[in-house]
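For reference, TrEMBL has these:
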type     : residues : note
DOMAIN   : 121-602  : domain 'Major facilitator superfamily (MFS) profile'
TRANSMEM : 188-209  : transmembrane segment
TRANSMEM : 221-239  : transmembrane segment
TRANSMEM : 245-267  : transmembrane segment
TRANSMEM : 287-306  : transmembrane segment
TRANSMEM : 318-337  : transmembrane segment
TRANSMEM : 452-473  : transmembrane segment
TRANSMEM : 480-502  : transmembrane segment
TRANSMEM : 508-526  : transmembrane segment
TRANSMEM : 547-568  : transmembrane segment
TRANSMEM : 580-598  : transmembrane segment
Amino acid sequence: MSKQELSPDKQEQNEAILATRDAILQEAGHDTNDLDQSVNVRLANPLLGLTPEKIRSDVHNFAQAHNLEDYEEVIFKGALCAQSQATGDYRSIPQLDEHDHNVLAREQTHRWSQPFALYWLAICCSVAAAVQGADESVISGAILFFPQQFCIDDAEIDPNNISASDQRLLDNCNLTVDGWNDLTYRNAWLKGLVAAAPYVACAFAGCWLTEPLNHFFGRRGTIFIGASICFATCIWQGVTNTWWHLFISRLVLGLGIGPNSATVPMYAAECAPPLIRGALTMQWQTWTAFGIMLGYCADLVLLKVSDVENITGLNWRLMLASACIPALFLMAQVFLCPESPRWLMKKNRYRDALQSFLKLRADPLLAARDLYFAHCLIEEERRVKEERGSFPLLELFTIPRNARATIASLILMFGQQFCGVNVIAYYSSSIIKAALKANSTNDEYHLNRNALLGSWGFGMINFLFAIPAWYLIDTFGRRNLLLSTLPFMVIFLLLTGFAFWIPEDSDARLAVVLLGIFLYGTQYSPGFGPVPLTYAAEAFPLYVREVGMALSTSVLWFFNALLAITWFAMLNAFSAQGAFGWYAAWCAVLWFLVLLFMPETKSLSLEELDIVFGIHTTKHAAYQVRQTGYFVNRYLFRNKNAKKEQLYTLDDSLRK
């Protein structure tokens, strides 16, 4: 709808949104086919342009239809507040009393003053993230042991120097030295496949179960089912007797990890107040890092467990099973949290949705505001689906604005894996043990202990350095975090790989390997750690957000699996220097991909995101290349008078 088509009174009330829409069309060039229908503008705030009388009538009908007559007055005031969210001009609403104004003002000035139920929900989501992290990292300790027991280790045996442990391995597998060495190439792939099994399942099944599970069981039910699968399969892993049995159990584990990796951030976002939604949503990555650290702790604690009668490999079995403990806590906790109000509303359970909001908000006015605003968005989404048809996955690629968001998000999902982090997360103990073994006089236990201590150190750094991102991601920006950390990730990966050229009998070899891994963690954790999922969660328009997130997480897990499967074979083919150099090269490539194809999204409203993703890809890339001169002039030569070219204009009145 154009500005000229509006009546004068409606035009005046729509001034802010129309100014932004004009900017969208001006900056979008010829890509107006998806903007002319104002789909995303309508989804941003369906209440803009409505008179108080119209809102009163709509609220009355809404309350009558959903058995909320006793809340009609507070819902009406909440609807007026929702209409004014874009500008925050609540003083112009005569229906609000002084208490209401105090509540709205306190929401702005004390954004972390929230009900206990919301913080309990945040703890629940943090435990869910820790479940995933622990499931990912316990394999780092177990993989030091089960390959030998299941005859899939890829280390060759020197026929001229057969140790006692080598002889036990040959006897266990009923092989000669030559027969064993002939199988090491195959074993490298099998070992990687067993380690990667959950992520294969996540990519091809787990993530795509998200929508049907959420449809039938809700957010809490889906999280409970995912946690139950994780709990059962963690114990299952501990009682396996062959590599393929372990592979199957880990494959099923992915059916629990996948749905929760997409559902938990969505659950947190739907329940959190708007002002702290971003901070709560990005907690997923931080507490996943915490879970990774817990997994390393479990590996260390259980390392010295001895075998008992009829149970061989009790230590690695307990390592894999230990990840069931946070899953059990999650199962016990999740139904003590309120269900997502948005899901309840989609099921037409509006009174239950209001009760959830009343538990999650500091005042009934805020609960009523968010209830009615969510209702309007859901109704608008339904109309959009009727207009667009039922092919949201196709629209991620056919509509230019969506395609640009999809390209940027998928680059980040690919990049989070091919920056090399999970090589270290999954296999750091094996990498460190390789650096230790050549010149160590320690026995096998002390080698494994020292390797796991190094892994735990990486896990601690990964967690601690994720904390600054809580602040930096919304101040320094998503794009700037990546552009500033990727060059250092290149350097530290090369440092780690090149350390293997240090003579084997030198203590400096291990020291430099650990230094490279730890320094790499300081750069990954505030950069490629939290940014990809945060970026994808906000880049897609609302009407394709769920399918966009499902696609993004599926791609994430696919490349995660690919990396885990290929590492040991790559290590044998490339050597440590070549393998780490491979991922360092990808970090360099990713720097250019981020520079050219990833627009900044920090602190932008939905309308402003349409402006940003409305810019032609070639125009955006050319602009970023031209800015190289500005940054050299401004920051290298310290020229404070250097002028930065503007790519687009944003309407500050729409900032929330």
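Here the Cβ of each residue, glycine as well, is placed from N, Cα and C on the backbone.
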Is the transmembrane segment (452-473) in contact with the transmembrane segment (287-306), using at least 3 Cβ pairs under 8 Å (sequence separation of 6 or more) as the test?
yes
Whole-number mean of pLDDT values that fall within the domain 'Major facilitator superfamily (MFS) profile' (121-602):
89
Long-range Cβ neighbours of the transmembrane segment (452-473) (under 8 Å; 6 or more residues past either end):
137, 140-141, 144, 278-279, 282, 285-286, 289-290, 292-293, 295-297, 299-300, 303, 424-425, 428-429, 432, 481, 514, 517-518, 521-522, 524-527, 529-531, 534, 602
With an 8 Å cut-off on Cβ pairs and a sequence gap of 6 or more, do the transmembrane segment (480-502) and the transmembrane segment (508-526) reach 3 or more such pairs?
yes
Under 8 Å between C-beta atoms and at least six residues away from its ends: which parts of the chain pack against the transmembrane segment (245-267)?
121, 125, 128-129, 131-132, 135, 146, 150, 193-195, 197-203, 205-210, 213-214, 219-220, 222-223, 225-230, 233-234, 236-237, 281, 284, 327, 340, 533, 537, 546, 549-550, 553, 557
CB contact flag for the transmembrane segment (547-568) and the transmembrane segment (188-209), at least three pairs under 8 A:
yes
Output the single range from 188-209, 318-337, 508-526 maximising the number of Cβ pairs under 8 Å to the transmembrane segment (221-239).
318-337
Residue list, the transmembrane segment (318-337) vs rest of chain: Cβ under 8 Å, 6 or more residues beyond ends.
117, 120-121, 123-124, 127-128, 130-131, 134-135, 138-139, 141-142, 220, 223-224, 227-228, 230-232, 234-235, 237-238, 256, 291, 294-295, 298-299, 302, 305
How about long-range neighbours of the transmembrane segment (188-209): same chain, 6 or more residues beyond its ends, C-beta under 8 Å?
135, 139, 143, 146-147, 152-154, 243, 246-248, 250-259, 261-262, 426-427, 550, 553-555, 557-558, 560-569, 571-572
